[in-house]
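Take a look at the structure set out below.
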There are 4 protein chains.
Amino acid sequence: MNTPVTADQQAEIDVLRDTPQSTLRAVAPGMEQHLYTAHPVLDHGFVRVVDYMGDDAAICQAARVSYGRGTKSVQNDEGLIRYLMRHWHSTPFEMCEAKFHVKLPVFVARQWIRHRTANVNEYSARYSILDREFYIPAPEQLAAQSDINNQGRGEVLQGEEAARVLDLLREDAMRSYDHYEAMLSQDGQQGLARELARMNLPANIYTQWYWKVDLHNLLHFLRLRADPHAQYEIRAYADAMCQIVADWVPAAYGAFKDYRMDAVSLSAQAVAVLQRRLAGETVTQESSGMKAREWREFEEVWG
Amino acid sequence: MNTPVTADQQAEIDVLRDTPQSTLRAVAPGMEQHLYTAHPVLDHGFVRVVDYMGDDAAICQAARVSYGRGTKSVQNDEGLIRYLMRHWHSTPFEMCEAKFHVKLPVFVARQWIRHRTANVNEYSARYSILDREFYIPAPEQLAAQSDINNQGRGEVLQGEEAARVLDLLREDAMRSYDHYEAMLSQDGQQGLARELARMNLPANIYTQWYWKVDLHNLLHFLRLRADPHAQYEIRAYADAMCQIVADWVPAAYGAFKDYRMDAVSLSAQAVAVLQRRLAGETVTQESSGMKAREWREFEEVWG
Amino acid sequence: MNTPVTADQQAEIDVLRDTPQSTLRAVAPGMEQHLYTAHPVLDHGFVRVVDYMGDDAAICQAARVSYGRGTKSVQNDEGLIRYLMRHWHSTPFEMCEAKFHVKLPVFVARQWIRHRTANVNEYSARYSILDREFYIPAPEQLAAQSDINNQGRGEVLQGEEAARVLDLLREDAMRSYDHYEAMLSQDGQQGLARELARMNLPANIYTQWYWKVDLHNLLHFLRLRADPHAQYEIRAYADAMCQIVADWVPAAYGAFKDYRMDAVSLSAQAVAVLQRRLAGETVTQESSGMKAREWREFEEVWG
Amino acid sequence: MNTPVTADQQAEIDVLRDTPQSTLRAVAPGMEQHLYTAHPVLDHGFVRVVDYMGDDAAICQAARVSYGRGTKSVQNDEGLIRYLMRHWHSTPFEMCEAKFHVKLPVFVARQWIRHRTANVNEYSARYSILDREFYIPAPEQLAAQSDINNQGRGEVLQGEEAARVLDLLREDAMRSYDHYEAMLSQDGQQGLARELARMNLPANIYTQWYWKVDLHNLLHFLRLRADPHAQYEIRAYADAMCQIVADWVPAAYGAFKDYRMDAVSLSAQAVAVLQRRLAGETVTQESSGMKAREWREFEEVWG
């Protein structure tokens, strides 16, 4: 079971959640309910909202560069947000900001950090000692290498092979950590510098960070990382964050779903093929102007 | 007199300021007092805080990547913040964010926008019609070209020359705006497109924007633009924002003053000269290893 | 006629173009032919390539993180580039860089600079005196305000109205510049500081800058600014740059055309409508799940 | 001995270095000599320049936004570059760009990637299989944890403790890699997905990437990472890159040394103390207005 938060930490969160304060700022009720609460992800990870700024109305306010909230109805706000999303206007969405505290395996952190337009403060293993916590995949996530996709997964491993993999991952993690502690120890010896000892730790050890990002860049992150082609482990975090964003800015999230997540981008060739099909023509790969691989991807959506 | 805000706008601001809401987020009392209030700048401009995120404690929290606010005293927080500023740790300061609504002349906006690490939504003169509001310098700001600094000001213009300049600026502004309206007019004619008509307007017309920035980049902006070498007109905005930041994050602002604004950077050569002077030696430009210009800048601080 | 380059400048360009040097770097023959040559844009503007880095092969090299250029055929390179573009892989395209020298009206510069992920050095009107050069639209570009699009153009102005507009633009530009010179003059007076005098100049005056950008962000810029919805004046620059990019990285530009410029993004609702149509159903706006405006945009492509 | 490059790779580099091409671009002779050559760093790493753009003259050209190279002497160029550096003008330095191919341990890559203003393409362990290469510190780098600096090193480990640490690092690396291979193997089993198997590998395994950055951000990186407080392992890369930059843009590098690397930043309090000392006063920590820690840092420079 995932119990990422200790009893002490939970007590501290409870205190924070019990002491509302007065503010003149815009408040997003759907986001307030998430504040500080750790949403479990994977076996020891979590995502929790530490702070936020703005709401759906702030997006419209920036788009209108108007004084105050104006007199527009929520209906109009939603229409404007959908228009902005459909036409790739990004700056109004940059006016909202969220700050997350995330606990995640290092190999997930390495993918995540490739998104550069965000602010990060990570736990420092130069300065401090990491905890003995490692990601070990659940059995249903223990997948074989895909035959057709170099960076994908195939079927789930079964039986002895699965057991052997789990044993290796667990044993290597524990042994590495034992040796990490042994090298650090100042008991009867000097003790290796922390900044060196950490190099012995495998990529499934957990780290944590504060990650702050504006809504435009957050949605871009979610588009790529909540996608079925993303590695499952980072997708688990993206999925949890999708739920949070849906509660925070429901209109923007709805537009994002329709115009990004569930949208389809058609190449010039694909547009032509669809237009010919709509006119009653039967189009084959040969007559489509597409290469085999692209045609296969096209057929997955359009049959 | 500067009355940048209309009666209607003031009424709307008053309503916003009268309706506090409950939040679980960190609240900065010094910033709440500024929220929505327009601080006048120049003859028709203003700066007002529209939203913010974080406070001094958030900087420390990120530096510690700790759960909640910890048990550290304010004294310790201030010491940590000074340490972070002194040693050029920038990421913890990125964890605070502020959003401003600014009304400013176009030529100031053009300097301002060179700071790229921020989010901006500007009033669109493609879409809407600009107001008849122009920056006309106060008499004490009507300076001659500096003889020694290509991008600086010399003495204040006097008498007839000053009067002539003010007349030209006022008349050209009014005439340009009259013609802007005449070209736009659909009274008895088609009316020129707004995106074209705007090209007739001079750079002292006022525009406005929402500008959102993290604290690290805001301080960098203030360091350059509240500097005596900055053009007076943008410095007026920077000075107003310095006051706001001082109330928002007093510890960070204090550290910023001591380690950035009022700090002095010594080149390798300057360090050597000071060390020789401290040892009792008299150092001249010739024996300093500095060029004439650099030596002059050095003497301005050290005599 | 557009003669943006003086005789002296042309002589200097000719010298540069006559003195090839030896390099071990990757060379893009299609880009070498553009180097330094000023491509005229609008009445006094230009775009010219001042430097560049990388070619189509550099994109593939980064994607493969391989040593040297590998043994892959050009055919394979093109296929890889199309795959990267189709699947929104942006980092390999960031490995190419171009530096442009651009002369452009200030109101175009103000739109352009909103693209923040680039490096800019602009001519400083604080430091130097601007030339007497203004953009005056060609008669066929003198458009009325659009009735249906708040930020668009309608029909071209005719007859007296067109003549009146051109006269106003020309006269106001000349008068503003006369007064700019009069205020700056140190003949019998002190002369206003340049940083102040510039505020009298209208937004159609020409400025110039060096603009350096990576290929990914350049293509993003071109996608938005070479689009029919972009204002004509910035589109003229984008169109000139499209030609340059097509010669520089032909495979990347081809993929960009097919998967970005000439591509169509379908919302979740639009996908469903097309699938129903392909199945033989007649879909109306009412049964489409789209609002009126979105349906209109949909019908523009799909009838 | 460090032999990061295989014979095949060396042959390929030799071919590239033997086939100069003709270009009209600015050429930096000092950088051409480095092109493609792998400079060994640590036990299996390297840095090599893959491409570059610009030179010292390009910095001045951008600062002057002038046509061509102008007629200024090299002497003047150097003076201008020193002026720009001294007064924190960053945009002209952004006009130069360099692209490096780096092979480095993962824990170094994790520090490096925190510098966000750069372009990166890293070897993908989702897609490909990593080589069996691990960083094992040289004996003289095997340091104990510092007693006074939480993120620093103390004395070098000796005798049995040193031997024990090296054994643990070596054995754990080899065992982890054996198990990585065992899990991946499709010999008599399905074989775990590469994107999962990689999580077993420790942080001292080598990865590689292309890293492209402009000169301003490169110098900022070098300032922080070639600093004595940086971890030795990343400093080794920064030191190698300093040599390369010194050959590429000698004037800019010289200014960087004097005004950044070897410069000292004085707080407002430190300026006051030095001025009192220069006036003959003896200042103690108590009368300095500094806290104990800051005073200690001050005395390290000024006695």
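Just so it is clear, glycine is given a Cβ too, placed from its N, Cα and C backbone atoms.
Automatic, uncurated: that is what TrEMBL annotation is.
For the dUMP site, TrEMBL gives B:GLN111, B:TRP112, B:ILE113, B:ARG114, B:GLU122, B:TYR123, B:SER124, B:ALA125, B:ARG126, B:ARG198; the one candidate out of B:ARG82, B:ARG153, B:ARG170, B:ARG225 that the record lists there too is B:ARG225. Here B:HIS115 (FAD binding site) is positioned 20 angstrom away from B:SER124 (dUMP binding site), judged by their C-alpha atoms. According to DSSP, B:SER124 (dUMP binding site) is assigned to coil rather than to any helix or strand. B:ARG126 (dUMP binding site) sits 23 Å from B:HIS115 (FAD binding site), counting Cα to Cα.
The number of other CB atoms found within 10 A of the CB of B:THR91 (FAD binding site), across every protein chain shown, is 21. Here the Cα atom of B:ILE113 (dUMP binding site) is found 22 Å from that of B:THR91 (FAD binding site). Residue density at B:GLN111 (dUMP binding site): 19 other Cβ atoms are found within 10 A of its Cβ, drawing on all protein chains shown.
Cβ neighbour count for B:ARG225 (active site, involved in ionization of N3 of dUMP, leading to its activation) (all protein chains, 10 Å cutoff from its Cβ): 22. If you compare every pair of Cα atoms in B:THR91, B:ARG114, B:HIS115, B:ARG116, B:GLU122, B:ASP214, B:LEU215, B:HIS216, B:HIS220, the residues listed for FAD, the longest distance is 27 angstrom. Closeness to chain C is evaluated for the binding-site residues B:THR91, B:ILE113, B:ARG126 by Cβ distance, with values under 8 Å counted; counted residues in sequence order are B:ILE113, B:ARG126. Ranking the recorded positions B:THR91, B:GLU122, B:LEU215, B:HIS220, B:ARG225 by the distance of their Cα atoms from the Cα of B:GLN111 (dUMP binding site) places B:ARG225 first.
Under the DSSP three-state reduction, B:LEU215 (FAD binding site) is assigned to helix.
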